[in-house]
Amino acid sequence: MGLLQAAREVTDLACRREPELYFADRPEPIERAKALCAECPIRELCLQAALEAAEPWGVWGGELIERGRILPHKRPRGRPRKNPAAA
């Protein structure tokens, strides 16, 4: 079964209710989207399809994808500090 067919059969998908979370610019919504995917019945199929299609961006199957590759987490916008902040 392909992803589109599976998505048609499962009507209550979190990515349909809050799609903006899955393509957010900030780390917090991205992590929320990844957590919502954990309960999804088509999570593995979604991830497989995203990797095969080399999706350019977004949370797919509980993983953050950028340029067709899985990233462990989203970095905040802007340049990282040269020196760590004083504790």
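Quick reminder: no glycine exception, Cβ is built from N, Cα and C everywhere.
These numbers come from a predicted model, not from an experiment.
Residues or ranges marked as [4Fe-4S] cluster binding site by TrEMBL: Cys15, Cys37, Cys40, Cys46. Annotation note: Cys46 ([4Fe-4S] cluster binding site) sits in a helical segment as assigned by DSSP. Cβ neighbour count for Cys46 ([4Fe-4S] cluster binding site) (all protein chains, 10 Å cutoff from its Cβ): 23.
Look at TrEMBL and you will find 14-70 tagged as domain '4Fe-4S Wbl-type'.
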(message) Cβ within 8 Å of the [4Fe-4S] cluster site centroid (Cys15, Cys37, Cys40, Cys46 excluded): which residues?
(response) Leu13, Ala14, Leu36, Ile42, Arg43, Val59, Trp60, Gly61, Gly62
